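Peer 1: Right, I'll just put the structure down here and ask away after.
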Amino acid sequence: MARLTLRPHNHFFSSPIYAHKQPFLSVYTIFPHHHQNPLIKSRVKCSASGTERVRESKKLPPKDPIEDPKPQLPIPEVLSTETGFEQNWPPWKNIPQRYKLIGATSLAFVICNMDKVNLSIAIIPMSHQFGWSSSVAGLVQSSFFWGYALSQLPGGWLSKIFGGRKVLEIGVFTWSFATALVPLLAGFMPGLIFSRILVGIGEGVSPSAATDLIARTIPVKERSRAVGFVFGGLSLGSVMGLLLAPPIIETFNWESVFYLFGLLGVGWFVGFQFLNEEEVSYKGNEISTSHKSENATKEELGSSLKEIPWKSFFQSPAVWAMIYTHFCGSWGHYTCLSWLPTYFSEALSLNLTEAAWVSILPPLASIVVTSLASQFADYLITNGVDTTTVRKICQTIAFVAPAICMTLSSVDIGLPPWEIVGILTAGLALSSFALSGLYCTHQDISPEYASILLGITNTVGAVPGIVGVALTGFLLDSTHSWTMSLFVPSIFFYLTGTVVWLAFASSEPQTFRKEDS
């Protein structure tokens with residue numbers, strides 16, 4: 001019998017700081033020697049108190065002396081799951097679960113806008129192939145917003161009942177599947193419109209689902225960065241969609257864009273199933289586990305809908321401020337998203353290739369601004385600045401900056417085209433400060449009802465996608481003026497939205513009670 005005692009001190013297997021948390025660590029090692037000598041198997045046990053014992057030391061039976069086995073290679077140490085390399089592999093193993101969820105949600109939003117903008121590129125060859133007029137092409141593109149507007153409130157309600165995680169993954173699968181259906185239904189107009197409505201429904205429930213997920217997993221001091229990171233995926237998705245769609249269409253055909261982009265969403269849905277950790281709910285500064293029911297009965301769903309304090313929502317000036325501000329921001333966003341490429345081509349005399357590349361600049365710059373704005377907001381909150389003040393500062397920048405830039409672009413002061421492009425890009429990029437202003441306020445005032453509140457404001461915010469885009473075209477035909485049709489309405493809503501926001505917005509937690517309804 002051989003006895004071996006090892007006394008580890010301050011190596012990577014054990015740490016004196018955490019010794020009281022781990023009662024013992026067990027390490028098994030087989031020491032190879034010359035082939036004529038037997039192997040010695042030892043077990044080393046390191047207790048929390050620092051004492052060691054050799055519980056067993058056993059001499060193995062010698063091998064047949066006739067045999068001349070090859071020298072045995074060292075056998076690696078088998079480590080417990082709480083020590084050594086297994087503790088840090090894979091690299092993302094020790095990343096907090098809430099950050100994994102936020103990263104996956106941001107990726108979903110990247111795919112979201114890729115599937116939103118792909119039609120704006122593919123509509124050109126589709127119109128040529130099927131002989132669509134501009135009115136028909138406009139009808140196909142606007143059908144997305146029908147589903148988007150109709151799904152906002154249901155998305156918020158379902159997120160409240162089942163949790164944002166479940167609603168988000170169903171939304172991603174719905175819009176991805178519907179995207180892949182477009183080539184199959186393109187020759188049948190009702191079917192094509194229905195598929196785009198489904199895309200709108202799937203994408204429409206996602207903002208509320210993400211808001212619920214953020215409200216339940218991210219503390220206030222990290223919330224601006226989380227919202228900026230998640231919703232910033234929309235800008236990245238616009239850039240990637242506008243960059244990838246043209247070469248895919250030129251290399252293959254327009255159908256391949258919908259198949260490939262739809263497949264990305266299905267792949268995300270499959271991968272998201274591996275994030276099975278439970279959600280956490282922030283109540284004040286504490287974290288408590290929250291399990292959502294996935295088998296609610298119809299009676300429970302109906303009861304939960306009745307329990308939502310709808311009247312209390314609409315009695316709050318802060319909620320009305322969010323509603324109008326969301327409408328104003330969406331007017332500028334959707335009208336510019338739809339009409340700026342045409343403006344660059346007609347008013348600034350850029351060719352189609354230049355106009356397409358220039359259209360990428362605002363969302364590309366928004367990615368940088370979003371990161372800076374979120375860090376700026378969280379820095380102010382961490383250093384004691386009132387949350388309401390921070391939200392008002394950020395939202396004011398988001399509205400005043402594009403209003404000034406649009407004014408400079410619309411006034412004939414002899415600016416060359418590329419300077420106008422730069423001014424508009426800067427203004428629209430700075431509007432991303434809204435992600436640290438308006439879009440954080442839903443979680444600030446009520447984490448419990450954040451998804452429903454965003455559903456309310458986003459429903460109103462979807463109206464400019466239907467009305468504003470069409471009205472801009474009508475005004476352009478009537479006045480033949482880009483200033484009056486595109487810029488003046490946007491400037492009006494930006495400025496009035498700023499006034500309402502500064503007067504009535506609040507990030508103070510509010511209690512919405514059913515008995516008040």
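Each residue, glycine too, has its Cβ placed from N, Cα and C.
Pulled these from Swiss-Prot:
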| type | residues | note |
| --- | --- | --- |
| REGION | 51-73 | region 'Disordered' |
| COMPBIAS | 52-70 | compositional bias 'Basic and acidic residues' |
| TRANSMEM | 130-150 | transmembrane segment |
| TRANSMEM | 170-190 | transmembrane segment |
| TRANSMEM | 229-249 | transmembrane segment |
| TRANSMEM | 255-275 | transmembrane segment |
| TRANSMEM | 312-332 | transmembrane segment |
| TRANSMEM | 352-372 | transmembrane segment |
| TRANSMEM | 397-417 | transmembrane segment |
| TRANSMEM | 420-440 | transmembrane segment |
| TRANSMEM | 452-472 | transmembrane segment |
| TRANSMEM | 484-504 | transmembrane segment |
Peer 1: Report yes or no: does the transmembrane segment (452-472) come within contact of the transmembrane segment (255-275), defined as 3 or more CB pairs under 8 Å with a sequence separation of 6 or more?
Peer 2: no
Peer 1: In the same chain, which residue numbers or ranges, 6 or more beyond the ends of the transmembrane segment (229-249), come under 8 angstroms Cβ to Cβ?
Peer 2: 102-103, 105-118, 121-122, 125, 207, 210, 214, 256-257, 260-261, 356, 359-360, 363-364, 366-367, 370-371, 374, 432, 435, 439
Peer 1: If you count every Cβ pair below 8 Å, which range out of 255-275, 352-372, 420-440 shares the most with the transmembrane segment (312-332)?
Peer 2: 420-440
Peer 1: So, taking each listed stretch (170-190, 255-275, 397-417, 420-440) in turn and counting its Cβ pairs to the transmembrane segment (484-504) that are under 8 angstroms, which one gives the highest count?
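Peer 2: The listed stretch sharing the most Cβ pairs with the transmembrane segment (484-504) is 397-417.
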Peer 1: So what's near the transmembrane segment (170-190) in sequence-distant terms, Cβ-Cβ under 8 Å and 6+ beyond its ends?
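Peer 2: For the transmembrane segment (170-190), the nonlocal Cβ contacts are 108, 111-112, 115, 118-119, 126, 130, 136, 155, 196, 198-206, 209, 254-255, 258-259, 261-266, 268-269, 272.
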